[in-house]
Amino acid sequence: MEEGNPSFTVDEALVGIGFGKFQLYVLAYAGMAWVAEAMEMMLLSFVGPAVQSLWNLSAREESLITSVVFAGMLIGAYSWGIVADKHGRRKGFIITAVVTFLAGFLSSFAPNYMSLIVLRCLVGLGLGGGPVLVSWYLEFIPAPHRGTWMIVFSAFWTVGTIFEASLAWLIMPSLGWRWLLALSSVPSSLLLVFYRWTPESPRYLILQGRKAEAQSILQKIARMNGTQLPKGVLRSEIEEKNKSLPTENTHLLKPEEESKIVADNNGPGFFLLTLLSPELIKRTLLLWVVFFGNAFAYYGVVLLTTELNNSQNSCHPTGEVLQHSSNDVNYKDVFIASFAEFPGLLISAATVDRLGRKVTMSSTLFLCCIFLLPLLTHQPPALTTALLFGGRVCVSAAFAVVYIYAPEIYPTAVRTTGVGVASSVGRIGGVLCPLVAVGLVHGCHQTVAVLLFEVVMFVSGICVCLFPFETSGRELTDTISTSKKPPSSSSV
């Protein structure tokens, strides 16, 4: 801060304003989006077995209902990330909300298998915008307690999964899967209702040179929270860097030129090449592996909960009368397993700021490997549910933390693209997961299926350990050049 001309950055403003009513509003809105995505993903565990019985589908056709959703998410996560980095966070997530709601609701009227496949792929395309909401929410949270409040945000996913399991338990036996699909699209519609009151990210605005708009939003946040902005004018990270003395790490471009390059380059290839630049390539590649492993493991545990407790499992009959109906899924076991995410969130909340992101992610991934080991062989139903419960505790904790760490390691210029591309790679894990969890288990290859999950999770844990730096308590960066070093810790 210069004498006689006080100024402050967005991070300093957010720390000064503190966490208050405004952030709770943003939390509620972004959280509703997270509930919507969780419900749309969780219902895949119920719709697959139901339509398999109705339309006499093969195991491959059933698994494709899940895989096409992830395929759509793979495309959407990359596309919406670019839209949000080019045109703003608000435009990014409103489009995704419209696509998700319309395709989700129309899925309930699907007359045949192919129409259901197309509509669920479109749902996945919309759900791919989830990382945009994550980045938008994170960019309003003060640095000192960002980890804790991101875990609170992750709790909305857990609420969504439990609500969907409860809804399926209530709806499926009597009204069927079409009603489940229709009711599960309601949360997405709420995002459209409250969209007009959502502000643009001040970080995005200041990076685009719209400093007055950014400061106006920060003033509104301060008023809503009953506090005041720091004295002076808002300055960008670029201006702050320009005032410092040159060092051996100073980039050759003038800072304002760097900002212009980011703003003016419109091609998708530019954003991807930036993620693979020398400054970002290590964290990008490691993050891709971790996202793949987390998605593969998380959805694998979710699908194994239904597949291993399915009364139609001909490999290890349970002695129950086999019947081809939606009741083939043990809704009670799925409902119980859904509650595993609460202790997972408590574990991550207790450790994410104290032990750090890296330690929390790696330890929970390794613990998940231990829980799934006994499932290499067939186990009694009660023990199977208990082991999958423990595995889900751990993998949900790891998944929650990776969604905190990912946007923290990228600068604002490519944050939503970086998280979006990583999420897209994770969706590849989601596409392959049903082929393993459903296909191999149906083919009586449970040992091979579980072994694959073990290997993927172990490799992911190793990659977490190789991440270049810890982000707990550190400020976010805005430009690529300031991302060459780990972001500085908050002074508060």
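The backbone N, Cα and C atoms fix where each Cβ goes, glycine too.
If you look up TrEMBL, you'll see 26-472 marked as domain 'Major facilitator superfamily (MFS) profile'. According to TrEMBL, the feature transmembrane segment maps to 24-44, 64-81, 93-111, 117-138, 150-171, 177-195, 285-304, 334-352, 359-376, 382-406, 418-442, 448-469.
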Are there three or more C-beta pairs under 8 angstroms joining the transmembrane segment (382-406) and the transmembrane segment (93-111), sequence spacing 6 or more?
no
Assess whether the transmembrane segment (382-406) lies in contact with the transmembrane segment (177-195), where contact requires at least three Cβ pairs under 8 Å among residues 6 or more apart in sequence.
no
Are there residues at least 6 beyond the ends of the transmembrane segment (150-171) whose Cβ is under 8 Å from a Cβ of it, and what are they?
27, 30-32, 34-39, 41-43, 46, 134, 137-138, 141, 179-180, 183-184, 187, 329, 331-332, 334-335, 338-339, 341-342, 344-345, 348-349, 352, 396, 399-401, 403-404
Stretch-averaged pLDDT - the domain 'Major facilitator superfamily (MFS) profile' (26-472):
80
